[in-house]
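Shown next, in structure tokens, is the structure this report addresses.
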Amino acid sequence: MSESFSKEQDVENTAISMSEQGRSATPEASRTGVASHERHIKRGLTSRHGQLIAWGGTVGTGLFITTGRTLAIGGPAFLVGSYVILAIATYLILVLVTEMAMYLPVRGASMSFYGGRFVSKSLGFTMGWLYVYSFAIFVPFELTASALVVGFWNTGVSNGVWITIFLLPLVGLNLLPVRFYGEAEFFFAGIKLATIIGLLVLSFILFWGGGPNHVRLGFHYWMHPGATKTQILEGDAGRLIAAIATIIASALPFTFTPEMVVITSGELQSPRRNLPKVSLNFNWRLVVFYVGSVVGISVVCPHNAIAFGGSTGASSPWVVAIRNAGIQSLPSVINTVIIIAAWSTGNAFLYLSSRCLYSLAVEGHAAKIFTKCTAAGTPIYAVGATSLPTLLAYLNLNSAAANVFNWLLNLVNTAGFISWVCCGIIYIRFHQARKEQGDMQSTTKTTLKEISAWATAVFYVILTLLNGFTIFFPSKWSTADFLSAYIGLPIFFAVYLGHRFICRQDPWIIPLKEVKLQANGAELNEETEDELEETTESTGLPGTWAQRLRRIARPQQHAE
């Protein structure tokens, strides 16, 4: 094939060398602590699994319940604006991390792996444990939320019983081969998808007065009680505070969504072919269902609803709207879906936590026992270890439920912001290393991506610093809130500096010339190596349909 053909996509430029070096890199295998004869995780997730898991895995209490809390903070205009801003920022991060995951489609992929590969071992170590902790904390967060939503029916059963009922099958499912997890999440994501579509249709009907009370809502709630709110101060200053607070509170549904795509790619069949499909489908669902949902909420629910003060099913803005419309039986249906959504999200984050621990162990940053897998490819010891923090859900039995809910929420929010800052930094180093090593030509597109990486990193640095900014007003100071909002920062830097001290012989930042841009045999499996070779064939290159048509139409050059 012609040389111009090989330049069409930068990612394919190193496909053959990655595969060839991979098969001969046995010394590297020993450095990772995973011998070639040992069991590994398996690529048991298909494209359809990946497309719904990447989106549906994070649709839980954040989108169904805490949107009500966010609406109460800023009002409908700030709520919609915040989701638009965060959807754009999340899209940019997703584009960047997907490019890296396609370039190096390794087994046990995670952003901590790429951090250690392109920036420094200390960053990879710190990010890896940040993910293990954050994903593990998310599980009791969702279990607690599930138990609280059950309280909508006033069953009289202790929350501890419901937590146990939700916890046991969650752990059991993660001990099964990954294809069972994929099928379960595909099913639950389908339920969530259908529910959101139904709620969007319902909001459209209520907008035009099609509810039982025949009240045409229109944009009534944008005018009464109002499109925006103020916080702490009056006037424009109060509205600015409300706008910033709304953006920060809106981050939960977006938290770790790009990272989920990367981690899922580690067990995705034919990742170079299927990962672009997963990313593309995630992008339009991000716009239609995330932004569309809050537009619908802003139309059918007032921001001064009393129920928003809690964290039960009654505090869901959709339940409030349905009750206001006079629909009697639908709130129970919606709350059932909220329980499914919360349980499904907890299930997804237990999966993510265990895979991140596995990835850390493969890189030598955790005990080697966590690399051990069953014959079906389940990292059983990693699943067992990351299941232990789920017991934190029982704290709900001795603490005020709302306080536990908000503490877990703030801790996860901080970790999400830190992770996105690191994602931007990692991509910048990845981009610079490719240019330094002559692996990529500088174009307008690549320059825009680097600018996007800088912009998102700066944006999330600002959000990290502002995460708990309202507590600095004298009337709002709370030591507990300060710790929950900012404790993640000193912990992150303490772990980073601690690892730097232990591994002080390593460079602070890996020189660009020494960044390893090729995968080795310990990081790939046979399927991935075969796929890397196939990407050099003209009829098999991944890409858009327009790119494929151009390849077919391009005249072939034959050797003389």
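Our numbering is plain: 1 for the first residue shown, then up by one each step along the chain.
Keep in mind that glycine also has a Cβ here, set from the backbone N, Cα and C atoms.
Caution: TrEMBL annotation is automatic and unverified by curators.
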Check: Which stretch, out of 1-37, 519-555, is listed as region 'Disordered' by TrEMBL?
Finding: 1-37
Item checked: Spatial neighbours of the transmembrane segment (373-395) far in sequence, C-beta under 8 Å, 6+ residues away -> 38-42, 44, 132, 135-137, 139-140, 143-144, 147, 160, 163, 167, 170-171, 174-178, 267, 346, 350, 353-355, 357-358, 361, 404
Margin query: With Cβ-Cβ distances below 8 Å as the criterion, list the same-chain residues six or more beyond the ends of the transmembrane segment (451-473) that contact it, or say none.
Written below: 89, 92-93, 95-96, 231-232, 241, 244-245, 247-248, 251, 410, 413-414, 417-418, 420-421, 423-425, 427-428, 431, 481-482, 484-486, 489
